[in-house]
Amino acid sequence: MNMISSRVLNRLFPPAYASAPSFSVDYNQNCFLKDGEPFRYISGSIHYSRIPRVYWKDRLLKMYKAGLNAIQTYVPWNFHEPVPGLYDFTGDGDLEHFLQLCQDIGLLVIMRPGPYICAEWDMVENEYGSYFACDFNYMRHLSQLFRSYLGDEVVLFTTDGAGVGYLKCGSLQGIYATVDFGPGSNVTAAFEAQRHAEPRGPLVNSEFYTGWLDHWGQKHSVVNTAAVVKSLNEILEVGANVNLYMFIGGTNFGYWNGANSPYGPQPTSYDYDAPLTEAGDLTEKYYAIREVIKMYKDIPEGPLPPSTPKFAYGQVQMKKLKTVSESLDVLSFSGPVKTLYPLTFTEMDQAFGFMLYQTVLPVDCLKPTPLSSPLNGVHDRAYISIDGVSAGILERNKALTINITGKAGSRVDILGLVFNLTLGADILGNWMVYSLSIDEAVRKGLLTASSRSISSTSTGFSTTPPPALSPPTFYAGSFLIPDGIPDLPQDTYIQFPNWRKGQVWINGFNVGRYWPSRGPQVTLFVPVNLLSTSVQNNITVLELESAPCSSGSCVVEFTDTPVINAPVKTTSQYMRQLFKKQDLL
């Protein structure tokens, strides 16, 4: 359920003038009315939760300068309520400040408050017409909830695919039905589908796709600028309202990247091949769209805000700390929970991140014995070690069995959410489950403090080749940015030469997941607000599979050039590469 209203802003920020603004649907003139006058919006999607607060104004100004008169944003409930009953609208979650900036710049707001959202965000719904159930009771509940808070003057609308089948389950009486479609679609046919649900009223494409989303292990999506321009012109030519999804995609910092069904996880970058890049840079597509909009309305005069400068800080030496299993004393504040069978994140009252499962082998496995997830219960990857030695990886839908060896009583560590596992034909039981507060431990410096016994002069280098697979392990490094250079710090990108897959924190902030060994994303965007020139900048890496630190190249590198379109490896290629030196498959 979504809303369009100038009164939403004015309820939060009362105007200085006396006459109340209004926004409504005119079914006679087939248009919107704003303050009693016919109105057409040309909007762009921006998700404040994917952009650092320090850059909100920059991105919004660039959207305004492109000729947009509105923006569209989601309000993700789990971004503001990370723990049930505890709400956070501060910092990068300061929605009120974001809305105030929109009003100050002159942009209306189309709000899509959820409670669940689409947008490839962690724990989301899709457009409800595309959902597996026609749940009109739920939609009525949302409608009544919004009306109770916002009143009857707010225009509520639904968004679904441009087909009668989607609108059948996605629309609701009394809520204005809109459609979405991308470049290359038949514009006339798409709006005819909307007319099936709304015979009169404004034509609306609520999501006109300027690009498309990425998945790990698939090529970076690119949508041709000429196709975007052609279809956008057709939409505006028939007098329709349009929202460009996305105008800027931004970044899935932390654990916020979602997944599609059938299971396909998104990477950290949500660049989306949008008119503004992940870092807010102006593109050829931006200028081309601006020229189309200029044909239909006046656009603001004056220079455009420039792309932000980037800086290559170079390589940073990393030092091995401890494995996850060796760090449980500082990672698991509540200690283990004993259980016959594995518990879920929900049962352990954990929303994000990682959990560790421990048990022991009940019998000798002197010959390779299959350890399996017979019900495909690994979500989404499980890293298995036997007595501290890596044994393999289970992956949802792809790798449901590995062979292991070990003696009865050997400790089995599994990092990742699992349901029941079998050893041979028997279900493994008697688990110790650890809820891990890795982000808090990193912020508080507990990992480096607990690893002070490690020699600071040791580089961890050796002449032996790195193992194909290692237990999930923490690494740390730091670097200084000179404070005598006026233009520093600047945005940058971090990359992981010869690292495999993991998570990275910079000065305690969870930048996101890296997985260059599968692609297409290689670099992660590091915005300027994470960096300091007054103190050293600390990097913490959780490498889940294998770091290059035994081969003499234990470094991460900061570069000024993003790489989100590198060659990709299929799952089978990736697994063969990973396990080619060990009999793990």
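Each Cβ is built from the backbone N, Cα and C atoms, and glycine gets one as well.
All annotation found in TrEMBL is predicted automatically rather than curated by experts.
Noted in TrEMBL for the protein shown:
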- 32-123: domain 'Glycoside hydrolase 35 catalytic' (DOMAIN)
- 124-295: domain 'Glycoside hydrolase 35 catalytic' (DOMAIN)
- Glu127: active site, proton donor (ACT_SITE)
- Glu207: active site, nucleophile (ACT_SITE)
- 342-415: domain 'Beta-galactosidase 1-like first all-beta' (DOMAIN)
- 472-533: domain 'Beta-galactosidase galactose-binding' (DOMAIN)
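The residue listed as 'active site, nucleophile' and the residue listed as 'active site, proton donor' are 11 Å apart (CA-CA, integer value). Sequence-distant contacts (6 or more apart, same chain, Cβ under 8 Å) of Glu207 (active site, nucleophile) comprise Ser45, Thr159, Asp180, Phe181, Asn243, Tyr245. When DSSP labels each residue, the domain 'Beta-galactosidase galactose-binding' (472-533) comes out as 3 helix, 26 strand, 33 coil, counted as helix, strand and coil in that order. Shown for the domain 'Beta-galactosidase 1-like first all-beta' (342-415): DSSP residue counts in helix, strand and coil, namely 0 helix, 42 strand, 32 coil. Over the domain 'Beta-galactosidase 1-like first all-beta' (342-415), the average per-residue pLDDT in this prediction is 96.
Within 10 Å of the Cβ of Glu127 (active site, proton donor) there are 18 other Cβ atoms, across all protein chains.
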